[in-house]
Amino acid sequence: MQIKRLIEKIPGGMMLVPLFLGALCHTFSPGAGKYFGSFTNGMITGTVPILAVWFFCMGASIKLSATGTVLRKSGTLVVTKIAVAWVVAAIASRIIPEHGVEVGFFAGLSTLALVAAMDMTNGGLYASIMQQYGTKEEAGAFVLMSLESGPLMTMIILGTAGIASFEPHVFVGAVLPFLVGFALGNLDPELREFFSKAVQTLIPFFAFALGNTIDLTVIAQTGLLGILLGVAVIIVTGIPLIIADKLIGGGDGTAGIAASSSAGAAVATPVLIAEMVPAFKPMAPAATSLVATAVIVTSILVPILTSIWSRKVKARAAKIEILGTVK
């Protein structure tokens, strides 16, 4: 049976299918982990330790050396995305109630959900899109996008926007596995190759554990809102990313659209933030559901929109070239 190939036909399938299976488990048998105990309970409830190992391996996979073009492109996209998420957080914190919207169509929406959905780019999706529609340097710009993975950037945004406060040691704790992995991976290429293989392997495991924190009734309640959140992520982050790519990154805007997605790792952010700041715990389940839906929506729409944009840009460039030749 070609199970893996079937799962990968779904956008973000290796993340979303185990997530859904975990949610099924939690919805219909919430006490399964405690009942079975031991290793089974560890797989069901081990979101944080599994993610800690994943962050370590992610750090180890990043190469310190990169060309100036790659760093400029990557830095432009990462900084722009984070800056937009910060602005959204600052505005949302003045409009949305402290504990999120609790009634009506927007029930479940919180500043935590907005920031988690907007501050991370799906690096793998970006790289695959730009390999088709961009240059090698543009495709390689995903190198710094890995720095967005994990709760650190979300913590910085929430902290600097005055929405939450984190002790310095909490910041260190959040980024330490990543930094240790990064150091080891760059000190020894063989270690980088060894640990980087686990990045993709661990995704289904932390996704399943994460799914076991989600009640499917919450997803049913936030489904349409999650779709709208996904569209909002593309519009709100995509426009500034296109502008930044043109003005600073030296591109034609294609990379900007390709970077306007939500990363699969963002689904874990609400739960991780809630572990550090208990005040966010009531919002975490709904925020996780919203972000998961946004990940699906952006994974489907971003490649389509990038393709349309790229064709129009190339057609315009060809037309200008023809006119220039005629003159």
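Quick reminder: no glycine exception, Cβ is built from N, Cα and C everywhere.
These come from Swiss-Prot:
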- 10-30: transmembrane segment (TRANSMEM)
- 42-62: transmembrane segment (TRANSMEM)
- 73-93: transmembrane segment (TRANSMEM)
- 95-115: transmembrane segment (TRANSMEM)
- 139-159: transmembrane segment (TRANSMEM)
- 163-183: transmembrane segment (TRANSMEM)
- 199-219: transmembrane segment (TRANSMEM)
- 224-244: transmembrane segment (TRANSMEM)
- 254-274: transmembrane segment (TRANSMEM)
- 289-309: transmembrane segment (TRANSMEM)
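Within its own chain, the transmembrane segment (199-219) is flanked in space by residues 14-27, 33, 43-47, 50-51, 53-54, 57-58, 61, 108, 226, 264, 267-268, 271, 284-286, 288-289, 292-293, which lie at least six positions past its ends and keep a Cβ under 8 Å from the stretch. By the Cβ criterion (distance under 8 Å, sequence gap of 6 or more), the transmembrane segment (224-244) is counted as touching the transmembrane segment (254-274), at least 3 such pairs being found. Within the same chain, residues 11-12, 15-16, 19, 108-109, 113, 116-117, 122, 125, 129, 133, 214, 218-219, 222-223, 225-227, 229-231, 233-234, 238, 253-254, 257-258, 260-264, 266-267, 269-270 sit at least 6 positions outside the transmembrane segment (289-309) and bring their C-beta atoms closer than 8 Å to a C-beta of that stretch. Tertiary proximity for the transmembrane segment (163-183) is limited to same-chain residues at least six positions away from its ends with a CB under 8 Å from its CB atoms, namely 52-53, 55-62, 64, 89, 93, 111, 149-152, 155-156, 195, 272-273, 276-277, 279-280.
Residues 44, 122, 125, 200, 203-205, 207-217, 219, 264, 267, 292, 295-296, 299-300 of the same chain lie 6 or more positions beyond the ends of the transmembrane segment (10-30) yet place their CB under 8 Å from a CB of it.
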